[in-house]
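So the structure is just underneath, and the comments pick up after that.
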Amino acid sequence: WQKIAPTALLYQISPTLNMKILITLAFLSTMFGGWGGLNQTHLRKILAYSSIAHMGWMIIIMSINPTLALLNLLLYIIATLTLFLMLNFASITKIKSLTNLWNKSTPMTTAILLTLLSLGGLPPLTGFMPKWLILQELVSNNNIIMATLMALSTLLNLFFYMRIIYTSTLTMFPTTNNSKIQWPHPQTKTTNIMPAFIIISSLLLPLTPLPISLLY
């Protein structure tokens, strides 16, 4: 939610913004957000650094296509809201807690991991859509070098997201064989709106032509 105020301000003054300053700030934001999240173990801190990196993507496109920046903000809010709802319901604050959740509720863990990968911009998930459109816009405006650097900076975010997935699914605390998998899976408290949020935050990439037709 801390993005709404600065994004609204940038949207209002976007016609008068200096493109070179915005590009510099955007690149520094994505790099700081990527490097800062590498050594974190708390999910909230990881999401905070991810938020900084996503702000860089919104800044760099603001003076070129403000509407695309708002689309990026909307999809980011939906993805983070979905993720925080799931983490809150599962009472998860650290990466190691996901290992226990995998044994208790595999569908919930899978949904969390898909949302994380969507935030990282991995195709074919929803989070790839705004990054794809932004890179396309940068290339069409002859900012090929910056488009390449922004794409490479995304690898930092994907790295710590993949580390979370590795810790959650491929490692397991020492337990007896009888306690590794709980069957049947205990019921996990959810809300009626959560399935819709999960679908929107991870499976909207096939609808990319729709925002393209609205933006251009």
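Residue numbering: from 1, along the chain as shown.
Glycine residues also receive a Cβ, built from the backbone N, Cα and C atoms like all the rest.
Small disclaimer: the values here were computed from a predicted structure and weren't measured.
Annotated features in TrEMBL:
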type     : residues : note
DOMAIN   : 8-155    : domain 'NADH:quinone oxidoreductase/Mrp antiporter transmembrane'
TRANSMEM : 21-39    : transmembrane segment
TRANSMEM : 46-64    : transmembrane segment
TRANSMEM : 70-90    : transmembrane segment
TRANSMEM : 111-132  : transmembrane segment
TRANSMEM : 144-162  : transmembrane segment
DOMAIN   : 158-210  : domain 'NADH dehydrogenase subunit 2 C-terminal'
TRANSMEM : 193-212  : transmembrane segment
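When the stretches 21-39, 46-64, 70-90, 111-132 are ranked by Cβ pairs under 8 Å to the transmembrane segment (144-162), first place goes to 21-39.
The transmembrane segment (21-39) shares the most Cβ pairs under 8 Å with 46-64, out of the stretches 46-64, 70-90, 111-132. Same-chain residues lying 6+ beyond the ends of the transmembrane segment (70-90) with a Cβ under 8 Å from its Cβ atoms: 1, 3-4, 7, 11, 43, 47, 51, 54, 57-58, 61, 97, 101, 105, 108, 111-112, 115-116, 118-119, 126-127, 129-130, 133-134, 188-191, 194, 197-198, 200-201, 204, 211, 215. Secondary structure counts, DSSP: the domain 'NADH:quinone oxidoreductase/Mrp antiporter transmembrane' (8-155) has 122 helix, 2 strand, 24 coil. Using a Cβ-Cβ cut-off under 8 Å and counting only residues 6 or more beyond its ends in the same chain, the transmembrane segment (111-132) has close neighbours at 50, 54, 57, 68, 71-72, 75-76, 79-80, 82-83, 86-87, 90, 92, 98, 101, 151, 154, 157-158, 161, 164-165, 168-169, 198, 200-205, 208, 211.
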